[in-house]
Amino acid sequence: MADVEDGEEPCVLSSHSGSAGSKSGGDKMFSLKKWNAVAMWSWDVECDTCAICRVQVMDACLRCQAENKQEDCVVVWGECNHSFHNCCMSLWVKQNNRCPLCQQDWVVQRIGK
């Protein structure tokens, strides 16, 4: 355990009732009764960057940015759960009908923003 200097007990935070010492007597600083951890995600994407154009999938791809068509740029997910810009993937599929990341046959699972 830790060394205690000058006879003082270290303050111990506890989630259950019990004696925990502090500098000002036997009072606890606080007692944690209940804690609910919450996590939220803004989208369900394993990788947030398009592996073809290297731009974030929630932003427009380079081609749509150049042609000023940001609203038309949507994300496409394959059955392998990898996501890409639909514009990028449609060009990729013309040359190679496999996912650029895992090399599985490319089958569209869903398209959306």
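Any Cβ shown, glycine's included, is placed from N, Cα and C.
As annotated by Swiss-Prot, region 'Disordered' applies to 1-26.
Here Swiss-Prot flags A2 as N-acetylalanine.
C88 (Zn(2+) 1 binding site) falls within a helical segment according to DSSP. Counted within 10 Å of its Cβ, the other Cβ atoms near C88 (Zn(2+) 1 binding site) come to 23, all protein chains included. For C50, C53, H85, C88, the entry in Swiss-Prot reads Zn(2+) 1 binding site.
The Cβ of C87 (Zn(2+) 3 binding site) lies under 8 Å from the Cβ of C61, R63, C64, C73, each of which sits 6+ residues away along the same chain. The Zn(2+) 3 binding site annotation in Swiss-Prot covers C61, C64, C73, C87.
Annotation source Swiss-Prot lists zinc finger at 61-103. Averaged over the zinc finger (61-103), the predicted model reaches a pLDDT of 91.
Taking the Cβ of C99 (Zn(2+) 2 binding site) as centre and 10 Å as the limit, one finds 21 other Cβ atoms among all the protein chains shown. What Swiss-Prot records for C80, H82, C99, C102 is Zn(2+) 2 binding site.
When the alpha carbons of C102 (Zn(2+) 2 binding site) and C50 (Zn(2+) 1 binding site) are compared, the span between them is 14 angstrom. Geometry remark: C50 (Zn(2+) 1 binding site) versus C99 (Zn(2+) 2 binding site), CA distance 12 Å. Taking the mean position of the Cβ atoms of C50, C53, H85, C88 as the Zn(2+) 1 site, the remaining same-chain residues with a Cβ inside 8 Å of that point are A51, I52, R54, V55, V57, C61, L62, F84, C87, M89. Taking the binding-site residues C50, C61, C64, C73, C102 in turn and counting surrounding C-beta atoms within 10 angstroms, the largest count is reached at C61.
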